[in-house]
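See below for the structure under consideration.
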Amino acid sequence: MCIFNYESGSRDNSPVFKRRSFIKTLIAFPLGLILASSTLSWANPPTSEVNTTGLAVTDDTVTVGILHSVTGTMAISETGSVQAEKLAIDQINAMGGVLGRKIEYIQEDGASDWPTFAEKSKKLLVNDKVAAVFGCWTSASRKAVLPVFEQYNGMLYYPTFYEGLEQSPNVIYTGQEATQQIIAGIDWVVKEKGAKTFYLLGSDYIWPRTSNKIARKHIEKLGLKVVGEEYYPLGHTQFNSVINKIKLKKPDVIYAIVVGGSNVAFYKQLKAAGIDLTKEKPLLLTISVTEDEILGIGGENIEGAYAAMKYFQSLDNPNNQAFVQAFKDKWGQDIVIGDVTQAAYLGPWLWKAAVEKAGSFDIDKIRAASPGIELTTAPEGYVRIHENHHLWSKTRVGLAQKDGQYKVVYESEELIEPNPFPVGYQ
Amino acid sequence: MFEEYSMAELTDILFMQGFAGLILFSVLVLMALGLAIIFGQMGVINMAHGEFMILGAYTTYLTSHIFETYLPALFDGYFFVAMALAFLVCFALGVLVEWGMIRFLFKRPLDTLLATWGLSLILQQLYRTVFGAREVGVTLPEWMMGSYAMTETIEVPINGIFVMVLTLFIASGVYFLMFRSLWGKQVRAVVQNRPMAGAVGIDTGKVDRYTFGIGCGIAGIAGSAFTMIGSTGPTSGQLYIVDTFLVVVFGGAQSLIGTIASAFTISQSQSTLEFFLSGSMAKVITLLIVVGILMLRPQGLFALKIRQ
């Protein structure tokens, strides 16, 4: 594409210079090929070609949106995602941007309030005409913005692991859907730890309930037993009764999906009640505690618990070491990086890859180009976008350490296929 | 549902469950005392109560850091210093708030509601700016964690005992202050008849200021104690506020005995129901019981009889 742009951009239309221009073309053709193949960022196609739908793209900039809660209860969780997305944007700009255009971002605050999310997403899409939005964290906020993205044809990169049961043409899900996180984790605990009985526990809303439903089906499929299933309201702070019940039922595994402030209360009280997780009697497996949450819980309170995620800060590969270093250099040496933060970091990179593959910022072209896009530089390793807009990724199990980090004890051999509508699990 | 368990196991669990109920009772009393004093004695509904608790929690967090860095030898005892500091900091802020805001809104209870709610938002944002949006982890001394095993299955959480003792201590402190001290006599006189109390030479403004300060100070102690069992973040105060109001309103706004009775009723029904039902259902039924009783007795369990 580069070579033809060069031609059309040339002012040399005089017939006298025809031959010279011909020679120039001869020289430029292989040169252009070399440039085009060596790095795409050299290509700087005109705006009229790469943006046919009136997005906020100029000759040297492209504007995207960041939409997370930086105030309200969810700020605790969403801050990491904002930091990761800004880091990715900085790094992409340092490499020359996307199709030769620097990324600029407009950040809006969803304020932990779902109608505000919808309002702000409309503002980003309609007023600011952003080329993509990186944002949302809770399922409730995603559900609130979904109609807006579908109506105004925007593209959302959503970072959180979530319950599945959704597949929108206007969303790329960079976190895991429920089956990816749950099934491999349970298989591991059954195979490696010989678990026979499970106690399912969660906060009372859609994600823990759907996840536990899938977990229960899978446990029962394996011929094992669920001895209890419980939900507590969000923000519940007293877990002594359920801890007594767990003591009475003596399950092999506590499968915990407690979130938010409740998390801290649950693990502190578990420890206070004399359940030492390092003894693994019972063993605790969670899918809701990342390194971010451990900051609040305290490493000494959760030491010995297992978590099934796709990413841990301690992953030992060159991509991740570079990512962790860059993240710390930008945001402070004491900072920790959890699963969702890494998934949020993938968003801008996946978008960049899709834009470059499509050769356009148009949403429809990005959508068509997205399936099959792979990222070899992801901190979690290699990922690929599935036809269903979720990511193929590995599942890993980590053992919580006193210092607040996880030690990776298991990694699935293959990439696990995302399956947002699992048959037989609903 | 219990046929598969032996008699011994059931007795143990019954004991543990009773103990869980008592811990919940202490937690509720500790949460509600500060609010009950302010609401009962001044008629001011302090919506920023939860934020005062979190101020106490952050004070504890800072104290733990100071001790860890400068006085590691005394770390085992830092918690007592932290609680005292939490009281002082919250007392000071409370007095300041009363002086700068509440006293102008005295005759307008609904406006105090709005003003203190605004204050709670300001404080939340302040915590977020100073300490960051993420929760902070408060390190506890080793002796306060874990449990004391009485038998093989009966294990008593040490922090539970700590909260119970603390509640007993604070509650009796408040009792002596209110019913056995000169200051308490003045407070009660102001509650019963403000103009007359003023006429006999009681400085009602000063009484109000210290009442508000003490209420906030007790919230600070509660917040400090709850770092053992809960989270410390800018909005963690919101986790406690609903239960706190429930206890105070159910108990009868002007009665400290009512607050204690109501905390006992709510905690025992909650923890018993939680054992037999799931967590969310237990909460629903507890709330239904409270609503039902409040429909029959709108003034709460215990109401102070005063001539209207």
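From the backbone N, Cα and C atoms, a Cβ is placed for every residue, glycine too.
Positions annotated as transmembrane segment by TrEMBL: B:20-40 (among others). Remote same-chain partners of the transmembrane segment (B:20-40), defined as residues 6 or more beyond its termini with a Cβ less than 8 Å from a stretch Cβ, comprise 46, 49, 52-53, 157, 160, 163-164, 166-168, 170-171, 174, 178, 191, 211-212, 214-219, 221-222, 225-226, 229, 240, 243-245, 247-248, 251, 253-256, 259-260, 262-264, 266-268, 270-272.
Per TrEMBL, transmembrane segment is recorded for B:52-71 (among others).
A Cβ distance under 8 Å defines the sequence-distant neighbours of the transmembrane segment (B:77-97), meaning residues of its chain 6+ beyond its ends; these are 48, 52, 55-57, 59-60, 63-64, 67, 71, 119, 140-141, 144, 166, 209-210, 212-221, 223-225. According to TrEMBL, the feature transmembrane segment maps to B:77-97 (among others).
Per TrEMBL, transmembrane segment is recorded for B:109-127 (among others).
As annotated by TrEMBL, transmembrane segment applies to B:158-178 (among others).
Sequence-distant contacts of the transmembrane segment (B:210-229) (same chain, six or more residues past either end, CB-CB distance under 8 Å): 27, 30-31, 33-35, 37-38, 41-42, 44, 46, 49, 52-57, 59-61, 79, 82-83, 86-95, 97-98, 102, 138, 140, 144, 159, 162-163, 166, 170, 174, 177, 183, 187, 237, 240. Per TrEMBL, transmembrane segment is recorded for B:210-229 (among others).
Same-chain residues lying 6+ beyond the ends of the transmembrane segment (B:241-263) with a Cβ under 8 Å from its Cβ atoms: 25, 28-29, 31-33, 35-37, 39-41, 47, 49-50, 171, 174-175, 178, 191, 287, 290, 293-294, 299-304. Taken from TrEMBL, the feature transmembrane segment covers B:241-263 (among others).
Marked as transmembrane segment by TrEMBL: B:275-296 (among others). The list of residues near the transmembrane segment (B:275-296) in space but at least 6 beyond its ends in sequence, with Cβ under 8 angstroms from a Cβ of it, reads 1, 17, 246, 249-250, 266, 269.
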